[in-house]
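A.B. asks: Sharing a structure, written as structure tokens. Questions coming.
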């Protein structure tokens, strides 16, 4: 690992106000190599944590936890704290963190006189809250905890006072109460109620009238008329100083009758449009993120019908301290010995900040000397650095408004290059798009990076490439020929290293047939097509959307491979349908509109008469009446029907307060109705619009109605989907779905999160949070249940009591491993493993199951170890056993078992060793036939790739093929296992032979391979080396190793050819077992591959390859099967009609034989059967094997054509391969071979079937694919 000085990554805020009732957590996290150690100072002196039992430091961290909830006093820990993180390369320091406990003092007791006010006069109710830390949030409510209504006439000022521009009789009440909410302590204090009584001139009593002058009572102007006067601020001018980056709030509240309207202007300039807003009924001007350019004179003007008043506020914006630590080359300076470098600390502010430097947390003036370092104001210059020059430097910039501290290190290293990008990383891009190939590197001095195409290609240069400083190679427009291997080389004076990455450029995905606009009659059926073309190596996923949303969850919508069908279409299906095609690399889409019409409308649409039958015109003149807190009446005038009657109106609403520009469905009414009573929610700024609908479609929306802001109320509902899941062993993460804006019912939406440990007699713990949907509870026990509830509240009160949910604190890794692991080997490819379950209390989380890791140690036949590739099987739940499929025969394995929970895996059990028995071998690695003569051929072969045991012998079978492609007698030869070649003699001249070759172990025979060869007609037929040629042609042309790769409707055929050049080939094919003639396809040129198209899915075909101009010269036949047309089904063979018919025929045949035997026995005729059979024994007939479940010589073809003498091959001349040695079919239930009685293993294993001579009939059931080893089973 490369050494690195410490860097502070996380710390508490500089001004840290804490709740005095909760533990104090002072964060300090840092990184470095080696990991740093931590220490703290308090009020400038060392803070010895070990001496204070209430203080602990988290392991591997510098974070302090002060235990207040266990007897500590928060006031005792008030002070200035600073953290230092140190390792051998230097020391980084945190900011000075000022810890102050929150305070929420009570209101001082005071005697409040009732306020008696004349109607129309102004009034100010003073709040004067107690001084808290931090300052409280002020709001006014009545004694029923209902928020007092505010408007342009009555509103709360920034100082918390309640201002009345003019009082009205309805303002009379005795419970004006000012509340102060202290957020840190979650407490609310209230002032004594204030009484206000408003009297009119008619209600003046004698005492009050005696104190009023004649002018007051009989003045020229009535009390209902009063020109504006500013209540706050007072006077004509004032000043305000604010710091750059803060929010500027200016306030003007005026008295007067009628109620004055406030307007704001900036003298000599404009208000910044994108940063300006108005609050408190335009009485407050708010400008965010202010700068010096916002300095100037701001005038508020209060105006009513009798006059105006104004006030000018002179605003000065000063720059607070802002600092940025600029380092040459990188954020932190990494140099090699002897190099130079510079650290520059740039700070700006008003007044200009002063700069001071520290080294490893110590003022640089008293820090240890470093001859390579020179300080010049805001710059440190390093010259010819040495390794001891490594350190962390701090720049402290301060002025009268505060300070800012920044850390940066200088790390002196001598390191050869390292490439951090993984080797052979694969990048895939779409053609004509950019390709970015990474080469992340490290080294000191900084390495130089070069790129090459290929392993030994030339260096890449030119405009078609972009070389980034981080080592990345960019190909701005990648083409198909850009694919290949790219080599990145990093070198410096200490060494060189290279890395290869791979680039694959794919064809783009295209929609070659897009969905088209459709008009469909109601209750009809419609289809949209979406046919695509894509790169064959990418898997496309097609998604259909309706009006940009998911398709309705309705069985009428049928999504096909390349189309969407909607059956029984209704009016709601009207809209825009979009086909989206996604691959892992690109995405394309296409849309079409569906219009649903009635029967008559469709006829009119089709006939295209002179009348204009179309969608209706939008409604107009929307009007709101009868506004109430929870309802309003909406009316409108319909637009032109356009010759198709309006069937209904759809009403939508917009919430301009929370989601401006987003329209939601409200309701719909019949087409004969033009008014509707709408239910409303509190604290929503409603606008409405109406859409008319006829049989042709929907109109455009109407113009929006006027806005209507409903009054606030406490929330009606609580958050949904409350969950509690720990992310760490010592926490509980409580999450919920936040309420939408219109669900808040009022301003100040917050959430009260409460929790307590289940089954423990604890009190509920609660916090109130805002603007979040998650809260983390720290310091919990590992994986214990908690009762959780989340309640919504706003400035007007709480929602109903929420229901409780159960969550769990975080999981930790399991503690113990499963015991008593036992393995029972079932056969050469299958084993069963057992184990004892672990105690649930040691799981420390949700038990998800057990994982079995197993791997092959060595093959017992070769005694050679190989690279260990571990396989994993996962068994869900509390299973105590499972099956291990796909083992290799005659091998030594090891396994262990681990328990799994949501956090991960527990410790592994001790490795258990087991061995698999011998199995049948794989096919020989090759069979080559050379040196043809008049009567002999030479065979050479390679031993099986997987012997799966000790080879006992090889079996060679061969038979001649005549000119009509009929097979002659089959000859079998057993060859010792140590042989690798054989010369066959006494063959017929100019004859084609077919050879079948396989290997044997003591268990049985393996898969065979086939070849064909021809003896020559005479010695002149042997080809000789060409004069001057560089190679020797084979003695006789041949085509071998015919291979097939089949899909549903096509197959790729390839082969190997040895013989004269410029030979043209053809491919013959037909249905396997069919008597039809071979179909012939000519291969263009002398290629050695061909694609057969137009095949039938799920069908077995035979194929062979021939050469033009060489009569009778063809390859051996191969058999393949096309893929199924749809997902394969597991078929029970016992329920198939052909199988039942076959069994009936066999039963009938047996019955006939029994009858014949009975008749002959009754005749009494006797003759020496044994001697007669011995005298006329057919040498080709062999007894049926006891372990072979076949019917010997009988085959399907015998019903059509009698066997030739000595023939043991079916009439279709195909050879059936043996089953794969790793098949599990024999161990399953029914024909599917599933180990599903215990749920531990799903899926079947079967090998490729190939017909073989002299073998009986096999089941034709299709094999099932093998399930992935790593899946949960």
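Cβ coordinates come from backbone N, Cα and C, glycine included.
Keep in mind the model is a prediction, meaning the values are calculated, not measured.
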A.B. asks: In TrEMBL, one of 1116-1137, 1138-1159, 1160-1181, 1182-1203 is tagged transmembrane segment. Which stretch would that be?
C.D. replies: 1138-1159
A.B. asks: Give the nonlocal contacts of the region 'Disordered' (700-719) in its own chain as ranges (CB under 8 Å, at least six residues past its ends).
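C.D. replies: Beyond its ends, the region 'Disordered' (700-719) has Cβ neighbours at 147, 149, 617-620, 622-624, 627, 629-630, 632, 634, 636, 639, 652, 654, 656-657, 663, 680-691, 736-739, 743-747, 749, 751, 773, 790-800, 802.
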A.B. asks: Test the contact criterion for the domain 'Ig-like' (321-411) and the domain 'Fibronectin type-III' (923-1019): 3 or more CB pairs under 8 Å, pairs 6 or more apart in sequence, then answer yes or no.
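C.D. replies: Not in contact, no.
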A.B. asks: When secondary structure is assigned with DSSP, how many helix, strand and coil residues does the domain 'Fibronectin type-III' (1033-1125) contain?
C.D. replies: 0 helix, 45 strand, 48 coil
A.B. asks: I'd like the per-state residue tally for the domain 'Fibronectin type-III' (817-919) from DSSP, helix first, then strand, then coil.
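C.D. replies: Secondary-structure breakdown of the domain 'Fibronectin type-III' (817-919): 3 helix, 56 strand, 44 coil.
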